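To start, the structure under review is shown below, and the notes come after it.
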Amino acid sequence: MASAPRPFLLGALGLKRSLSDWLLRKTPQRAKDQNRSLADLRNLAPGKFLRRLFRAPKDGGAPPKQPHEKKHDEKKHDEQEEGVSSCVHSPASTSSEVVTSLTNGDLKRHQQHRHSHRESVHIEQSSPPSARRPTSATSGKKPMVQSDVAIKVCVHCKCDRNEHDVDSNKVLTVYERLGIKPKEGVAMPQKNNEIGTAGHGYTWVPPGLPRVKVEEYMNKLPNHVVPRVNSAGEKYREKQLMVQLPRQDLSVSYCKHLRTAVERRIYDEFVNSRNEVALDIGYVNATLTATTECRKCKGILEKGTMAVISPKLGDDAGWHPACFSCETCEQLLVDLTYCAREDKIYCERHYAELHKPRCSACDELIFAGEYTKAMNKDWHSDHFCCWQCDVTLTGQRYILRDEHPYCIKCYEEVFANTCDECSKAIGIDSKDLSYKDKHWHEECFLCSMCRFSLVDQPFGSKNEKIFCSNCYDQAFATRCDGCNEIFRAGMKKMEYKGKQWHDKCFCCAMCKTPIGTRSFIPKNDEVFCSNCYEEKFATRCCKCKKVINSGGVTYKNEPWHRECFCCTNCDASLAGQRFTSKDDKPYCANCYGELFAKRCSACVKPITGIGGAKFISFEDRHWHNDCFICAQCTASLVGKGFITDGADILCPECAKARLMAANA
């Protein structure tokens, strides 16, 4: 397995050379029209060469037939290849790009959503890497999509490639990605085959499983990673193919930064060792013959259930389908491809990073003896560059801005503030003094009148100019309404209703204590602290003579606390109660009646007159209306004639009867 990638690539290159010779012999005019010499054609990657050779000519002529073992609809195939030629993906990704896992209808739908992309170097990249970072979109010096380092945007709409449907012609099997052939006995998914993908509606299925087991396997995966055609899972798989299996880790043909023979030798040794010891493709055991433990979650894999097996770790090394993931990134291992290390499994990317540092600019592994570490990342020594001008920063001072490194020159050109005095940029070696969105060099921060330095000195501003305290006072200072002295720069100023005071002059008019930030109460153009205002102006109870803060009552224009307004006799509270007064003193109804009211000659109770009650008076005698009744028959005598008989009052009939009885 370690030597498989190189024969595959050499075979592709050999095919390219033979076809290029045939092309120049048979169709010299066609080669001329495309401006391709023999040397140019031979330098093309195999996939790009085949597309150039077999796509339809622009003048509408029929293309030559493409030799192929299968009988495809050549016209449709040419149309698909013509669409692919507009993309700027990997130079050799199309040497095996006939996708057997999609139906023609699926291909057509994908063609309708094709986008051209320029991606991060070695993650589907067409142009030779320059190992330089692109300038920002706002710099105005270079186009946004200009170099291949750390860029992953659509050339047309500038959005992330992952926002679009992935071109179906870019869907590869993992064997094509690795550039190897499957081992003998491994069933490969074929188009329209019962164990293939098209019949299931997936872009990939575990090889060798019948339809029922394929569905069982897919149901055990999280829904968003299931590679259904035209789904998020399909895009997820395409992305993981590129991320987990970076081509620059798999073949030297995609490495642009192996500068010396020693680096290439170390690279070959790493690849051969990895392929021999670690890299492998797992398989799905549809029915376990014995109960075992999942290597990831430590859960139980019951006998007769489905498990993913890692041959490198032994046929008894099993995982739940959803647990077969990279130990580092914890992403599901794409198409069951893994690298084994110390009884753990990794995607190829993170396995490689356990052994070699990876350049954050070009995404290649670093095999050089010296490299740069900066920003908690690793870089080829000449790849750690200024984000603006691409000059190397290795061994140089740089400044981070928005997580991007800048050389001193570019940082000062792009981000340095301009001095308000001399109109020159304020470099990183100068102090930047700022006030109200204005900036100065330290040596330029001067009074606008006397030109003395204001560094570490009090100053004032007026009409967008700055002045030392003395000059400001002479020209603009206002005066205190308390002491009539000027306000000097840096002094605290208290303002209220258009008047201004020094902090020490803003005092209570009564106690002369500075009010500062305490509450105060204005009165007749003067201000008083709360205590003095209450002492001088607050309402006081006429009984206890204390300040009424809240709640009080008024009686005869005099204020009272509620608790102080009570009956003079019994001290019962009169607030909200009926009361009367005697000699300007309040009494409750009961006390007033007991002390001062007339008493009924019949019931001897006081006649208070509360509620407008009427009473009867006769010869210093008084009765309640209800008590003014005949002593003999108890008939009411109110409004009627009556006769007195000692203490009794009688109606005429009873008086007559009593008189006759007395005479008898």
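Note that Cβ sites are derived from N, Cα and C of the backbone, with glycine treated the same way.
Keep in mind that this is a model prediction, so the values were computed, not measured.
Pulled from TrEMBL:
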type: REGION; residues: 55-144; note: region 'Disordered'
type: COMPBIAS; residues: 66-79; note: compositional bias 'Basic and acidic residues'
type: COMPBIAS; residues: 87-104; note: compositional bias 'Polar residues'
type: COMPBIAS; residues: 126-139; note: compositional bias 'Low complexity'
type: DOMAIN; residues: 183-293; note: domain 'PET'
type: DOMAIN; residues: 292-356; note: domain 'LIM zinc-binding'
type: DOMAIN; residues: 357-417; note: domain 'LIM zinc-binding'
type: DOMAIN; residues: 478-539; note: domain 'LIM zinc-binding'
type: DOMAIN; residues: 540-597; note: domain 'LIM zinc-binding'
type: DOMAIN; residues: 598-661; note: domain 'LIM zinc-binding'
Interface present between the domain 'PET' (183-293) and the domain 'LIM zinc-binding' (357-417) (three or more C-beta pairs under 8 A): yes
The domain 'LIM zinc-binding' (540-597), counted residue by residue under DSSP: helix, strand, coil: 8 helix, 18 strand, 32 coil
Secondary structure content, the domain 'LIM zinc-binding' (292-356) (per DSSP, counts of residues): 17 helix, 20 strand, 28 coil
